[in-house]
Amino acid sequence: MAEAEGVPTTPGPASGSTFRGRRDVSGSWERDQQVEAAQRALVEVLGPYEPLLSRVQAALVWERPARSALWCLGLNAAFWFFALTSLRLVFLLAFGLMIIVCIDQWKNKIWPEIKVPRPDALDNESWGFVHPRLLSVPELCHHVAEVWVSGTIFIRNVLLFKKQNPGKFCLLSCGILTFLAVLGRYVPGLLLSYLMLVTVMMWPLAVYHRLWDRAYVRLKPALQRLDFSVRGYMMSKQRERQLRRRALHPERAMDNHSDSEEELAAFCPQLDDSTVARELAITDSEHSDAEVSCTDNGTFNLSRGQTPLTEGSEDLDGHSDPEESFARDLPDFPSINMDPAGLDDEDDTSIGMPSLMYRSPPGAEEPQAPPASRDEAALPELLLGALPVGSNLTSNLASLVSQGMIQLALSGASQPGPSGAPAQRATRGFLRSPSSDLDTDAEGDDFELLDQSELSQLDPASSRSH
C-alpha cells in the first residue's frame, strides 16, 4: 500500500543483510569473470613460451642443482656488472632491449621458415608440457591473473578511499613515504635491490621444498622452552615481590601466615599417632574396636580388608585346581536330580526353591492320621525348625509362610485318594532336605523311611520273588 502511494519504505535488517549477501555474491562473480578474462589473455601470450617457462621454474626450484647454480652465478654477475659499471643507465637499457628483440625475431620469424619440419610434428601439436610438481602455463597464468586482479581492486579501493576521505589518505600516504625515505637514507638502494633479487630467486625454492614447515618443526621445541622460561621468569619475579613485601611489612606477613595456617588446619584434622599405629597393626584375622562395637549393637561386621565381594578370596586363592574349586562350589548350585520319593509326581513346581528340613527321628512311628491334618499340624514345627538360628524373624517369616503354604497346596493337589502311602511320598518329596538336592548319578543308594504298614505290604512280594 505504501509503495502504491509512493511513500518510500526503509529496508529492515533482514532485507539489508540479504542485500549485502547479494552484493558480495555479485562482487565475487565479477572478480571471477575478471580473473578468467586475464587468464585467457595471458595464456594466449605465454602459450608459445611454455618450455622456456618450465625451464625457468626448474632452475628456480633447483631440480637440477648444476644448472640452477649456473643460473644463480649468471644473475649475480649481471647484477653486479650493472651496479658497478661506469656506463650510463640509458645506454645499458637500450642495448639490452635491442638484444632481446633480435633474439625474438630469430626464434619466431626466421628460424621457423628455414628449419626442416619433422615428420611427427603434426602428432606432437596436440601434446603439451606436463610436469608433476611444476606449474603448467594455464596454472601459472591463473595465479598471475589473480594477483593482477587483486592489485587492480586494491588500487581502485585506494582511489575510492582518497575521494571519500582525503585527510586520512594524506596522513596515511605521508606516514608510509616517510618510512621509505628513512629506510632509503640509512640503507643503500643497491643493497635493497640485491635483497629483492635474492628474495625472488629463493622464494620459489622455499615454497617448493616447504622449508618454512621444516624450520617450524625444528624450532618448535626451542620456542616452547622459551615460552616456559618466560613464564618461569615472571613467576620468579612475582615471588621476589612477595618476599620484598614481607621484608618491608613483617607484622602483616605474620598475620597472613597465621591465617593461612589456621585455614589449612581446619581442612586437615589432627590424628593421634597411637591410634593410627594400632589401626595399621590390625591384621585380617583380627577385629578392630569399631568392628567389635558394631557386633555389640547387633549388626553384622566385616573384617579389615574384606568386602562382600572379596570375602572368600582366601579360599579361592587356596584352590588353584579348577576341578577342586568346581567340586567345592557344587553344593551352591540347585540339583536337577529328583528325590526317588517324588518321581511319581511329574508336575514338580518347586522351581528350585530352598526346601524345608524335615526328618523323622529313627525308630519313631508316624501316627496314622489323614495327610492334610498331619501336614497342617506339622506346619508350625517345620517353620520353626527351618528358621535359621540368630536370623531376623521378621525378615524371614513371610518367605517361610509362603513356602509352607505352597508346599501344602501342592501336596494336597497331588494326592488322588485316601491312600496314605502315595501322599506320604509326595509330602516327603516336597519336604526333602537340601542334602537330597545335591545327589548325583553316582550316589544312587538313596533310602527313605517307611511305615510298618508299608513294610508289611512289601514283605509278601519279596517272599514270593524269593
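Cβ atoms here come from the backbone N, Cα and C positions, even for glycine.
Among the residue ranges 59-79, 143-163, 164-184, the one that Swiss-Prot annotates as transmembrane segment is 164-184. Within the list THR9, THR283, THR299, the entry that Swiss-Prot describes as phosphothreonine is THR283. Residue with Swiss-Prot feature phosphoserine, selected from SER126, SER136, SER285, SER355: SER285. With respect to the membrane, TRP106 and HIS249 are annotated on the same face, judging by the topological domain names in Swiss-Prot. Per Swiss-Prot, the phosphoserine annotation among the candidates SER17, SER28, SER258 falls on SER258.
Range 382-402 is the one annotated as transmembrane segment, of 382-402, 403-423 (source: Swiss-Prot). According to Swiss-Prot, of the candidate residues THR18, THR440, the site noted as phosphothreonine is THR440.
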